[in-house]
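J.: For D95, L96, T97, R122, Q138, D142, R291, Y295, Y296, the entry in TrEMBL reads L-histidine binding site. Annotated compositional bias 'Basic and acidic residues' per TrEMBL: 1-17, in sequence order. The feature domain 'Aminoacyl-transfer RNA synthetases class-II family profile' is assigned by TrEMBL to 26-351. The region 'Disordered' annotation in TrEMBL covers 1-33.
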Amino acid sequence: MSDEQDKPREKPQEKSSKVQLKTPKGTRDYGPEHTAIRNDVLGRITEVFKRHGAVNIDTPIFELKDVLTGKYGEDSKLIYDLADQGGESLSLRYDLTVPFARYLAMNKIANIKRYQIAKVYRRDNPSITRGRYREFYQCDYDIAGQYDEMIPEAECVFVAAEIMKTLDAGNFKVKVNHRLLLDGLFESCGVPTEKFRTICSSVDKLDKSPWEEVKNEMINEKGLSEEVADKIGTYVQMNGTDELVTALFKDDVLTKSTMAVQGLESMKLFFEYIKVFGIEDLVSFDLSLARGLDYYTGIIYEVVLLDKGQSVGSVAGGGRYDNLVGMFHPKNKTIPCVGISIGVERLFTVIEAKLAKEKQKIRTTEVQVFVAAAQKNLVEHRMTACKDLWNAGVKTEHSYKKNPKLLVQLQHCEENAIPWAVIIGEEEVAKGVVKLRNVTTRQEEEVKRENLVEEVFKRLNIKN
């Protein structure tokens, strides 16, 4: 055998199989604390939706590409298209509104008040600090059906205000406008009809960009004359209350447009209804509000945070969209719809920052009782106590070590804000009792083992 053959063979170098561990751009993980905050927020929002009589539905995370195409105006470029997986062109849902309209048309539903809480996807430029992601939750509340003007709209705005108060995320304002008024405004100022939607998209940027930048876009990119752009500018920088509605009724230029007058009439009625609901102080009539999505046909609204130092901007939006269902209906049957969508990801950002500032500890579990052992070899006694409490519906846990130290167990209770501990020792077993310990006050009381569940119920204020 040659020397070459005697040498041990070198293993070929393997390529490193390690991947870079990171979440995709515009996404995030939710650890236990973040998830606890999120679940609390979503739970409170759900309660508001249920209080107003909404039913819950769910739709697929992806839709046929044709369902989503052409519904979002200039934002259509933000839709995630999926690779062909067997003959169907699919896209991830961009919002919950278009799938809802498809659901109504497909199932021939003419009346429904529904809520849906689910993730949506947008190839947007993410800003994590502002709570803008590519994957995020939306909480939608919509009323579909033929009803009298502005009654459902007023309730949708009330729902938005109710949610903001419930979450205590800070001072807020609901901006409102009307698509007919906007179109009438464009018409009065001399914008060609075919440019209404694209100019609307420009106006929609006024919450992020100064008027001069938006004006330049209208002139240099959208082809408007400076004179027309300046006329638009005089209106879209106005905001106020129902007094502004009254003032605009006296505007000779605006009132030449039938659409503008219709929009103003609707806004007048809307303000009458929100005064009945007692929320007029939270609402601002804002002519710069445009909501760039193509499907809106009537009132539009947006909830913005006003607190200093908070840069999350809009946290909810919605409006009336009467023609969207008709786009899917085989006979083009229209079903009037109005709704509100809560962008909770931005609210999570604000609430997390608020809790961090206040140094509030977040409970990540709902455990009510911890079963602890004072000595060794009591694991079966602990397990039996846990079983009895679990069977009674009490949220309970114990250590997975056979002989844990008592101090470690009690520290676990304090660190996790578990209110009660059941302590079992050899002496307690012999006497047929257990000790119930208030974790906060550290006071202990003996109770009969056979009465454990009943005694725990008393302390948790649970009715047997």
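Note: Cβ is positioned from N, Cα and C throughout, glycine not excepted.
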J.: Based on Cβ atoms within 10 Å, give me the single least packed residue among the binding-site residues T97, Q138.
T.: Q138
J.: Check each residue in the chain of Y296 (L-histidine binding site) that is at least six apart in sequence and keep those whose C-beta is under 8 Å from its C-beta; list them in sequence order.
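T.: Once residues fewer than 6 apart are set aside, Y296 (L-histidine binding site) is near R179, G319, R320, Y321.
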J.: Along the domain 'Aminoacyl-transfer RNA synthetases class-II family profile' (26-351), what average pLDDT does this model show?
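T.: Result for the domain 'Aminoacyl-transfer RNA synthetases class-II family profile' (26-351): average pLDDT 90.
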J.: Taking the Cβ of R291 (L-histidine binding site) as the centre, how many other Cβ atoms fall within a 10 Å radius?
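T.: For R291 (L-histidine binding site), the count of other Cβ atoms within 10 Å is 23.
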J.: If you measure every Cα to Cα distance among D95, L96, T97, R122, Q138, D142, R291, Y295, Y296, the residues said to bind L-histidine, what is the biggest one in Å?
T.: 21
J.: List the same-chain residues at least 6 positions away in sequence whose Cβ sits under 8 Å from the Cβ of D95 (L-histidine binding site), in sequence order, or say none.
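T.: For D95 (L-histidine binding site), the qualifying residues are Y72, V120, Q138, D140, S341.
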